[in-house]
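*Asks:* Can you keep this structure in mind? I'll have questions shortly.
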Amino acid sequence: MIDADPTLRPEPLPEDNDRALRPQGLGEFIGQAEARANLRVFIESARRRGEAMDHTLFHGPPGLGKTTLAQIVARELGVNFRMTSGPVLAKAGDLAAILTNLEARDVLFIDEIHRLNPAVEEVLYPAMEDFELDLVIGEGPAARTVRIELQPFTLVGATTRMGLLTTPLRDRFGIPTRLQFYTIDELFEIVSRNARKLGAPADDAGAREIARRARGTPRIAGRLLRRVVDFAVVEGDGTITRELADGALTRLGVDQLGLDGADRRYLRLVAENYGGGPVGIETMSAALSESRDALEEVIEPYLLQQGLIQRTPRGRMLAQKAWTHLGIAPPKSQSDLFG
């Protein structure tokens, strides 16, 4: 099994629910400039017209702020916020219970909307389009359809797997918004602000050191910051410097690129056992005793984004940057390839 460090994975952990660190409005939200600018227009238009905002879909890698933005949309509209997730809505009745309790213009947020039960999804279509709910009462010959009028509402969906959404559902979102990985400068701002809120101010070099290793993801930056704060309080004077951040993150196994032990084992396997590749994903899966899905969804996205590996029709290959990072000279054939 790959021993992936949960601190460096963008999936939510209980410690991420620190409301004090979450931005409360669009003005406080750092990053995603294009998405924020567009949302500001859509929100203001809905407020001036006194109507529900059009249905909105946030998509992109985990940990970039989809849930936070959904909460901000409701707060800026001045309406109630209801939250659920695709796997929780097992039956049409589960969705009906939520929809019938919404007030006018409320925001309903469905996380992991790509995991909706198809039967539930069918019920959602008329609710999104016409604000009506068609429910089947009874069974067999005695079954009948009852139509329930709903208050106009805004559905905000979030997904990390846009390709798994059915076309009919995807087409019903009037405002599709892709969230991008954050730049180091944006993460630097986030880390600096949150360090002050945690009572352990960071100097510029210290905040930037954490930002550089946060894998372009605010959720990961927040986790790394908390761990560095622990070191600053116990082994320092409560201030985060570059030296303290570097020492703490190195002890936590987070290297200069933000890679953990699982990432480095993946790269070393391709380098040392397969000469840099190409090597098939099934072979990688067997060699690392890990499922193909785990490799493709947990390990590889960041390695691809950083230009450390390449996916080719023949399999995975290391890029020149990976050889440099590992401190290993590429084989002669690959050296010629890279020039």
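Note: Cβ is positioned from N, Cα and C throughout, glycine not excepted.
A quick note: this is a predicted structure, and the numbers were derived from the prediction, not measured.
These came from Swiss-Prot, pasted as-is:
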type: BINDING; residues: L21, R22, G63, K66, T67, T68, E129, D130, F131, R172, Y182, R219; note: ATP binding site
type: BINDING; residues: T67; note: Mg(2+) binding site
type: BINDING; residues: R292, R311, R316; note: DNA binding site
type: REGION; residues: 1-182; note: region 'Large ATPase domain (RuvB-L)'
type: REGION; residues: 1-22; note: region 'Disordered'
type: REGION; residues: 183-253; note: region 'Small ATPAse domain (RuvB-S)'
type: REGION; residues: 256-339; note: region 'Head domain (RuvB-H)'
*Asks:* Under DSSP, is R311 (DNA binding site) part of a helix or a strand, or is it coil?
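*Replies:* Assignment for R311 (DNA binding site) reads strand.
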*Asks:* On the 0 to 100 scale, where does the mean pLDDT of the region 'Small ATPAse domain (RuvB-S)' (183-253) fall?
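*Replies:* PLDDT averaged over the stretch: 93.
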*Asks:* For a quick check of understanding: given the listed ATP-binding residues L21, R22, G63, K66, T67, T68, E129, D130, F131, R172, Y182, R219, what is the maximum Cα-Cα distance in angstrom, as an integer?
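*Replies:* Among the residues the record ties to ATP, max Cα distance equals 38 Å.
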*Asks:* For L21 (ATP binding site) and R316 (DNA binding site), determine the Cα separation and express it in whole Å.
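*Replies:* Rounded to the nearest whole number, the Cα-Cα distance is 39 Å.
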*Asks:* What residue among the binding-site residues R311, R316 has the most other CB atoms lying within 10 A of its CB?
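*Replies:* Selected residue: R316.
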*Asks:* Taking the centroid of the Cβ atoms of R292, R311, R316 as the DNA site, which other residues of that chain lie with their Cβ within 8 Å of it, listed in sequence order?
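*Replies:* Here the non-site neighbours turn out to be G280, I281, M284, L295, E296, E300, G315.
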*Asks:* If you count Cβ atoms within 10 Å of each one, which of the binding-site residues F131, Y182 comes out on top?
*Replies:* Y182
*Asks:* For the binding-site residues T67, R292, which one has the sparsest Cβ surroundings, going by other Cβ atoms within 10 Å?
*Replies:* R292
*Asks:* Say you check the Cα of R311 (DNA binding site) against those of the binding-site residues G63, T67, F131; which is nearest?
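*Replies:* In terms of Cα distance, R311 (DNA binding site) lies closest to G63.
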*Asks:* Would you give the longest CA-CA distance, in whole angstrom, between residues of R292, R311, R316, the set recorded as binding DNA?
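*Replies:* The two farthest binding residues have Cα atoms 14 Å apart.
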